[in-house]
Amino acid sequence: MILRRLLLAGSLLLATSFTSAKKADGPKISATKFKDEPVNLFYFDDSDTVMFQDGKNGDVYVSRDAGANWDIVDGGTHWVTEDQAKSWREFTVDAELSRYEYPLVFHGKDSNRVMLLGHKCKGLDCKERTYYTTDGFKTVHLLMENGRHCAWAVSTPTFGEGLDLPKEVNDRIFCVVSGLHSSWAEANRLLYSDRFFKDEQGTEVPLDNGRAVSGVIRTASVQKYILAATKSARTNELALFVTDDASTWHRTEFDGHRVEEDAYTILESTSYSLQVDVVSTYSSTIGTLFTSNSNGTYFTRNIKHTNRNLYGFVDFEKISSIQGIILVNTVKNWEDVEKSNGVQKKVISKISFDDGRTFQPLKVGKHDLHLHSVTDATNSGRVFSSPAPGLVMGVGNTGGHLKDYLDGDLFVSDDAGINWRKALDDAHKYEFGDQGSVIVAVFDEGRTDKISYSLDHGKNWHKASLPDGVQIRAKVLTTAPGSTTLKFLLLGSAKADIGMEYYIISIDFAEMEERTCEEKDFENWPARLNEKNEPDCLMGHKQFYRRRKAQADCFIKKKFEEPAPEFERCKCTEEDFECDFNFVRGEDGKSCIPSRSLIAPEGVCKNPDDKFIGSSGFRLIPGNVCIREGGVDLDKQTERVCSETFKNPPAGQIVVEKSFFTADYYKDYFYLERKESSKGEDETVIMITSEQHIFLSRDHGKKWKRILEEEKITRIEPHRFFDDVAYFLTNNGDGWYTLDRGDTFRKFKAPLPPNQDKLPVLSFHPDRRDWLIWTGADECNGNGGNCHSVAYYTTNLGGEWHFLMRYVRRCEFISRDARGSSDKLVFCEQFENENPSNKHLQLLSTEDWFAEKRLHYSNILDFATMQEFIIVAIRGENPQDSLRIGVSIDGKTFADAELPANVQIPIQRAYTVLESRTHAAFLLVTINNMEDHEYGSILKSNSNGTSYVLSLSAVNRNSRGYADFEKMQGLEGVAMANVVGNVADVENGAAKKFRTMITHNDGAEWTLVRPPDKDSEGRSYACSTKGGKPTDACALHLHSYTERADPRDTYSSPSAVGIMIGTGNVGDYLSLKSKADTFITRDAGITWEEVKKGKYQWEFGDSGSIIVLVTESTPTKTLLYSLDEGRSWKDFEFSEVEMQIQDISTVPSDTSRNFLLWGKEVGQGKKPGLATVNIDFSGLKERSKHIPFNLMDASSVTEPNITANGPTRIAITAENYSTWTPLGISANAHDRIMNGNKTDLLICSDYNYEPQSDGSCARVAGLEPLDPKLVCTENPKAIEWYEPTGYRRIPLTKCQGGKQLNHIVAHPCPNKEEEFFKKHPRLRGIGLFFVILIPICLAATSGYYVYNHWDGKFGRIRLGETGSGGLFDRDSLLVSIPVSMVAGVVAVITALPLLVSSLWRSVSGYVRVPGGASSRRPYSSRDSFAARRNDYTGVVEDEDELLGTDDFDDDEEGDERNGQMKNNGHVNEAITIVFLF
């Protein structure tokens, strides 16, 4: 305590005060010096109490006299004050404050209700924690863990005004939490609870028409509105949802404008509308201002090209206390800025007096005035205005556009911005006091020792000096909230002997000899004037203020009493109405038209031409108080036509649109798919034809238009990670791109032409849409041999390119989310010493654009990046050496992959990295690389990609390295592969024969595919299965990846969960494709059935509720479609002329009801050229019935053993998707994951172990397992290691409980014995003593009691008598039953060792058991038994009781008994009986 007082005294010595004032002539000014910079300065409302924090050491200072004197506040953990810092109360929480968000979230109407956001860490493992209090931190309770963001429903004082909200809304809390089974942002959910999440997980908020939506990234509260932003994967576009009652939500509509992540700003709004500024498509520093209707649903454009900065701040401010006046800055040369990021913006200022409907320039006489605003604000608080009625100030200049801040002067208006005049030369900070009676300004272009002030609305100015000649650089000039006091605070910095020192200067006008204002000194001032200079109406009233006249020589002196407006009602006009629900503004901006089909009264509309009385489309803005009598009445109900109640009425028919092109064929096509959070209804397709013409369709091929006609586009590059984006490239380095699915296009210029190494020209960033790497060709114009590739990067869509590296082969951005690395992590392949002739390709990485670089490998073949792994193929030192594999998870540390010894790999020349999304990497290691004879083995890694085991041998691959391997979309762990079934013959030069294999546990076990029982015509197949299981002679085989013309034509769909379609045959091998039939499965490949004879192309639609088939390679004019998962099929004629169909397509998610056929007419009456046919199933009537979605479980199938370990559980992994239900019924379901028994998902796949034919797991002969103790060195937190068993947990499994075959015998890690025995406590010491002693004591006590009360004591002989019938008679049940039980237990314990040894001998004769007797042959005949009877072990003497021999036999019977004991056959029989028992 003494030390603390000394420190306090020392700090107060530093705070030396100076005073300089003349009581009558100017303000009283005092200065307090501080060693370190004050930060976080704020006032308590309606008081002179001010606080700030020392910017260096965090000490808190408080002043109770508006900054004249300061005291330090005693420290502690967390403190709260309820009396303006007069007293403090300490509180604690078991967490550190949040680093990413403001830690305190306040209730809008109850100051005692607060949430605290924090986190608690154990080592590197941190969990977000949210706490709450309802009594001002007297008690603190944990709300939830891992809540990403929480907020009160009632977050503002105005929320719920005018609504009769339920009481529970006052307790309601919204929290953004991670997905059920995914931590990705697109899986986030919004939950709410009215009980602080007690005894509940919370309820998902029904954001979209009563349906929960995934991907919630943030919520925000503004005035009476709550907004929630959601984002889907693979797009930057957001969906915003809004509510004004915390219960009913609506999706916002921005008049066709896109809203993107980090590209919108919610501005200061009113109680009757929201203001949102949305970034323009091509510039992050130019926006468009939107204003909503009263419920925040429909937004209309107010003004385009608003000025904003990269931090999201917008030059927008509402004039304080006056409704409807808005000051904005816009960009005059917006076209030039959007064309090039290097163009300097020309900013101009505008003002609106009608709530943003119209804008006009600011005027100083006849000159336009432009003011610096929010984007370069130099003071705290509001930029232009305060509660002082009508007074507005700003720094700027007159002329054509805004100049630099240092070139500006101070301007003032006292009529709310209608007229302006110059107040002071040069830029100044400024503040208002005493309701505008006093204005203070301080020079803001350098150091100053004076302040300026005005007492007449800025017309005349006076100066006052700072005390003792102090010269400061002004940082903050402020006053109490409300601008009603005569006291101001000025914070500034000054030069010290060493470094800087800081001053807080108190400026007090209270002691100036100014009288108190009287009634004659005030005027009734209209807040808004119309074009006729008359008081204007807004929201049904005119607004007036009683304010001091500019020339009055008095002070108002009403401390903490803000001026109150007076209102005068007006008659209703058109401006008092807005569009009603389900209506939007028409193109004229005046009418309101239906946004969707109207709802007519029941029984009214029988014909489309009938009429009914309904909404006019308008309604009075809620809160508007205009006088209806004698005014406009736009919301009067009107007569409507019944045809408006049907928008796109179901026709019950399939609609066809055919289009023709002059080209012979298409080179490629791409879908730019609209995601759930994206606006609009487009289904965009882009095609490049054989003539290099580019066509675009926004309606899935119904109508096409040619785009970029003047450009010589040679290739189209869709963005790998964002489905809205595509690039159109030429051979000279010019290019175009679209960010909005072809709605608009913008040109860019690359630094070099595309490379000539047949490598990807563009590399895309997984998370940053605008970041690109361009690999171009340099020095390639002449015939010289120095042509090489050079990489450049851009972070603004090609607006500016920066050199990255030369002599590269390929560069890639590396995803940050899975690795926790920098988003600037880039990997490049570069030729060593920038010399391609040496053939040494280095793998380098950087996190700062190669200002510094890291060398990982000096001689690689290639590298591949996946969601979780970076895999590198490394060359050996000599050409004949095999390739090695390097693996990294974090992009920094690589480890060599350990390949299994039981895979015989020759000199390794090729690896194929297969799809790896289930926490394990799949590699195809080529075994035979001879042309047309290629095959290899699939290896599967552990969770860090370093240890591999054999998954499947002899997998087919082609000469390009692609393998017949495909994972099922939508389900974890299901995959199919084609293997070479005649390996021995292939090694001798024979052609390959294929068989299809399937796995349901992510490659741990593979089986042949079970064939259907009968074909599509009801006939049995020529071969037969064995007990329903496939055999080598009879299984289903399907054509796979290497035979596809388009690799996008996969077996399965991400939304048609569980369904796969393929072409193939039933038999011993896969036959020719020309002889294939078409098959379908609905249970993820467990059972199959033949759909049709012949080979068909297929496509899924409407999340699997529609399946379309069209013949492959055969001219046709009909297709087949099914609405019940392929159980029944219907024909549909799509063309009058037969067509050769090359492909059938739909959107990649398979959620559309539109399909597109690609081909050409070949029949009679054909038209030349390429043709596309759109098939639209949208007209089919939907059923209103809902069928629940069922979790598929392989155990529900009649087959007894799907895999060696029993029935397989299949888990749906999509977090939220529209899924199919039979008969064309669309439903929406969240995923469900069944956590299986752990034994089912532990497979014999540990390093150097392999499964045996009997199902056991054994180590490969001569090989050793990985050192199990490595877990202790690799993970410092590990406390134990386990002896290897050969079993390994499948990386994707979510199983819980059950047998842990991989964790049987545990040992402590070095120096972790204490933690180990805490986890695995042993019985020892006093505990062991009592465990032994207590049973003995109980037994002795019981025995003593029974001995003294039992009538059958030792020594008594009773011949032929029964017991006495007493309680403890020996025949009493109370005695006989316990005696029997004890005797049985003793007999079992005695016999157990003998029984086990006997069983071991029996079992070891039939089952191979490693070690022991496993090597002995079972006896198959009497002779074989007799030949080895000496090896048989006799039963020891003590076994007689076990086998039932009577102890009471006399000695003469002993020999006979002993002789019987030597009869090994009888003994074996007896033992067998006991074993069965």
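Cβ coordinates come from backbone N, Cα and C, glycine included.
Copied from Swiss-Prot, the annotated features are:
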type: CARBOHYD; residues: Asn295; note: N-linked glycosylation site
type: REPEAT; residues: 351-360; note: repeat 'BNR 2'
type: REPEAT; residues: 453-463; note: repeat 'BNR 4'
type: REPEAT; residues: 695-705; note: repeat 'BNR 5'
type: CARBOHYD; residues: Asn944; note: N-linked glycosylation site
type: REPEAT; residues: 1121-1130; note: repeat 'BNR 7'
type: CARBOHYD; residues: Asn1201; note: N-linked glycosylation site
type: CARBOHYD; residues: Asn1216; note: N-linked glycosylation site
type: CARBOHYD; residues: Asn1237; note: N-linked glycosylation site
type: TRANSMEM; residues: 1326-1346; note: transmembrane segment
type: TRANSMEM; residues: 1373-1393; note: transmembrane segment
type: REGION; residues: 1443-1463; note: region 'Disordered'
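Residues 657, 659, 661, 682-689, 741-743, 1146-1147, 1152, 1154, 1156, 1172-1174, 1176 of the same chain sit 6 or more residues outside the repeat 'BNR 5' (695-705) yet have a Cβ under 8 Å from a Cβ within it. For the repeat 'BNR 7' (1121-1130), the model's pLDDT averages out at 94. Look at the repeat 'BNR 7' (1121-1130): DSSP puts its residues at 0 helix, 3 strand, 7 coil.
Note: Asn295 (N-linked glycosylation site) has non-local neighbours Val242, Asp244, His250, Phe581, Pro622, i.e. same-chain residues 6+ apart with C-beta under 8 A of its own C-beta. Residue density at Asn944 (N-linked glycosylation site): 17 other Cβ atoms are found within 10 A of its Cβ, drawing on all protein chains shown.
Residues of the repeat 'BNR 4' (453-463) grouped by DSSP class, helix first, strand second and coil last, total 0 helix, 4 strand, 7 coil.
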